[in-house]
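**Student:** Dumping the structure here so I can ask a few things about it.
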Amino acid sequence: MANATQVRPVETTPPGPPGRRTARLPGVDGIRALAVTAVLVYHLSASWLPGGYLGVDVFFVISGYLITRLLVAERAGTGRISLRHFWLRRARRILPPLFPMLLATVVLTALVHRSALHQLRTEVLGALTYTSNWVQIAEHHSYFAKFGDPSVLQHLWSLAVEEQFYLIWPLVVVLILLRGRRRLALVAGLGAIGSAAAMAALFQPGGDPSRVYFGTDTHASGLLIGAVLAIAWPAASAAPGPWPRRRLAATATAAGLGAAGIGLGFWLLGQYSDATYRGGILAVSAATAVLIVGTGHGRTPIGALLALRPVRWLGARSYGLYLWHWPVLVLGDRIFAQRTVIVGAIEVSVAVLLAAGSYRFIERPVLTHGYRGALSRAWRSVQGRTSARRGGLITAAGATAALCVFAVVTLLHAPAAPVSGLDRQLAAAQLAAKQPPAVEPTPDAVAPSPSASPSPAGPPPGNQISALGDSVMLAASPALRHQLPGIQIDAKVSRAMQKGPGIISGWAHRGALRPVVLLGLGTNGPFPADMLEGIIGQLGPDRTLYLVNVYLPTRPWGGEVNHTLTKVASGHTNVHLIDWRSAAGAHQNLLWPDRIHPRPGAGADLYARTVVEAMSTPMRAAPPGRVQ
């Protein structure tokens, strides 16, 4: 994510004949600060900002705008565009902060998360070749799955998208500008619409949207909207001098509309929402362009707020903060058993300090003086110090070189990730699921009727039950099949509630939806109550639904998930809550060390017994209120 393109003379003045220097826009750093804060909050799993990940799209618009602005200004000032110098400037901006982050990540991963080294080798290669997003697509990584071990370098997907844009877009600009700026704006606009259309077309409701989210082809709309803005509004509005009242009012209105649009996107556009991928990301990108127009110069109230020194300070360091925050969060979670408020504050503080150090000692010197100039000044600084301090600096340089060697050797000889007992259990459960059921459902088993509801004498027959769940249910599926012979189970690792409607719709279409439905989803993240209400509507009043709540002592969204389940269940006579949370909490010795999944044998039996007992006495549910 090379979004933090600094608009300084070293960045904006092309080599060779003097060109036009682009005016600095003080509000842009503030918008960067807003964007990186949203991403950071989202990655901290704050449920009150479900669309915080869209901060990346705000960065995309800024990058597309500033890069195109630089290219167009160079063409206007010199009559040509030096692609060589453009790409060198991009490398000077992107690579110096990236390398130390990669080095530190490899070393720390080797110390605290050794099982991730084998995967990390591929990810480092993707980072060095500008292909991180395609590597993650090829490896079927999910950006949105909130459970399991995430990729330590997953966040570099956005940097790869921008780097690919930096390689291709200047060539397009050089060719199309020969036919005029309007033609270039048309190409950029059509490209933005085409990319958004491809995202909408490839998005599959109920599925994991990571492919369309990671793909350069489907996620370039923000970069191209920024390019359109750079051509249509090259920041002439930032010219000094008094402004007419109408102009101030118009820009203030633009700032308000842009900020409102971005805020609504952050608040409303969840990761699995259809609207996000069918115009939502495009709308947030357009709102960002409007906000740049309204705040770039800092003359509106919102622009003045974004131009405050602390906000601009954070925005200027947003690239470094984006680079460092994700490895810090992932590796920090390996060090600490649980991310409490204090742990989260420590992790954020460490990321901010690393970003500040990167800006002070790496980014700023290289941007100001270039590679050679920065190295020359550093060498002169070493020579000018006392022998003791000079020795300390030389020792530090030697240690850094040793760490580089260690990182390379570690990656080259990274062992394959060991298979855990839980992984073996889940794999065995998946294999068992492919075997034919012990009891086949009768032809009329899928027809709902009032008699399908269980009685106090016992649970309904297994051939009357359709079960849909995530890895927790998958781990317990052998015991469920043993205690409820003939039960239909579709459980999968990393499955979220957002996939439920599509699977249930498929069952209904095939005539495979049974009178009793067992739903065990929620381990992988929160979901809105209306999504669950939609599932209840799909099932209709004649089917009985059992909701299994979650036991997630190490995940911050457990309380929210259980509160939603309890609230929705209390509003329907045919919906009942199964209190797995209490059962698991009372028998933690039957869980794996992650304190979430039941162990084979007694742990899986506990899950199945909890389900059977609840189905035998359907009115026994978890008490109302917020279940943690």
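The backbone N, Cα and C atoms fix where each Cβ goes, glycine too.
As annotated by TrEMBL, region 'Disordered' applies to 1-23, 433-464. Annotation source TrEMBL lists domain 'Acyltransferase 3' at 27-339. Marked as transmembrane segment by TrEMBL: 30-48, 54-73, 94-112, 156-178, 185-206, 218-236, 248-269, 275-298, 319-336, 342-362, 393-414. As annotated by TrEMBL, compositional bias 'Low complexity' applies to 433-450. Residues annotated as compositional bias 'Pro residues' in TrEMBL: 451-462.
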**Student:** Are there residues at least 6 beyond the ends of the transmembrane segment (156-178) whose Cβ is under 8 Å from a Cβ of it, and what are they?
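**Tutor:** Result: 1-3, 56, 59-60, 63-64, 67-68, 71-72, 75, 81, 83, 86-87, 90, 94, 98, 123, 126-127, 130-134, 136, 143, 184, 187, 214, 216, 219-220, 223, 227, 323.
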**Student:** Hey, which bits of the same chain come close to the transmembrane segment (319-336), Cβ under 8 Å, at least six residues off its ends?
**Tutor:** 1-4, 36, 39-40, 43-44, 59, 97-98, 101, 104-105, 108-109, 112-113, 150-155, 159, 343, 346-348, 350-352, 354-356, 358-359, 363
**Student:** Are there 3 or more C-beta pairs under 8 Å linking the transmembrane segment (248-269) with the transmembrane segment (342-362), counting only pairs at least 6 apart in sequence?
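**Tutor:** Taking Cβ pairs at least 6 residues apart, the transmembrane segment (248-269) and the transmembrane segment (342-362) are not in contact, as fewer than 3 fall under 8 Å.
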